[in-house]
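Quick notes on the structure that follows.
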Amino acid sequence: MEARTTDLSDLYPEGEALPMVFKSFGGRARFAGRVRTLRVFEDNALVRKVLEEEGAGQVLFVDGGGSLRTALLGGNLARLAWEKGWAGVVVHGAVRDTEELREVPIGLLALAATPKKSAKEGKGEVDVPLKVLGVEVLPGSFLLADEDGLLLLPEPPSGVRSGG
């Protein structure tokens, strides 16, 4: 991804912007891709299930309700995401294994880190519209992330491809 979110936001005013309240934990600060969505709460079984699918340069956006009590992604799932071809994962919640996460060459954004693991019950919803920080995150939209924030567009901008 060469284009910056600030420049693209100016070019595409219809885009929705999420402020950079997220911290970068992965090996790439900039990434882009079509969005898959997931709504869970302190349970990451569905996170694993979705990341086991071929990522094809997509970005998984996980709405964990902003909970910082348990981690929805750690080193094992981050490596799985990379091996399956995901461009990145955004977690509106917490992650763990931060030292391992830095070694994985994909975008990994989350609100914070915590050592506590999550439940594994499989509760949640896949590919549903999300509302995060007042912004609608739709399955199939195109997400671009860099140090200035996250930009959501209905379609990929000209010349921008999925990946990091």
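Using N, Cα and C of the backbone, Cβ positions are placed for all residues, glycine too.
Lifted from Swiss-Prot, the feature list:
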- GLY74, GLY75, ASN76, LEU77, ARG96: substrate binding site (BINDING)
- ASP97: divalent metal cation binding site (BINDING)
| Where GLY74 (substrate binding site) and the residue listed as 'divalent metal cation binding site' are concerned, what is their Cα separation in Å, rounded? | 5
| query | Hey, of the binding-site residues listed (GLY74, GLY75), which one tops the CB count within 10 A? | reply | GLY74
| query | Given the substrate site residues GLY74, GLY75, ASN76, LEU77, ARG96, which other residues of that chain have a Cβ within 8 Å of the mean position of their Cβ atoms, reported in sequence order? | reply | ALA71, LEU73, ALA78, ARG79, VAL95, ASP97, GLU100, LEU101
| task | Can you grab the distance from ASP97 (divalent metal cation binding site) over to GLY75 (substrate binding site)? Cα atoms, rounded to a whole Å. | result | 5
| Greatest C-beta neighbour count within 10 angstroms, which of the binding-site residues ASN76, LEU77, ARG96 | LEU77
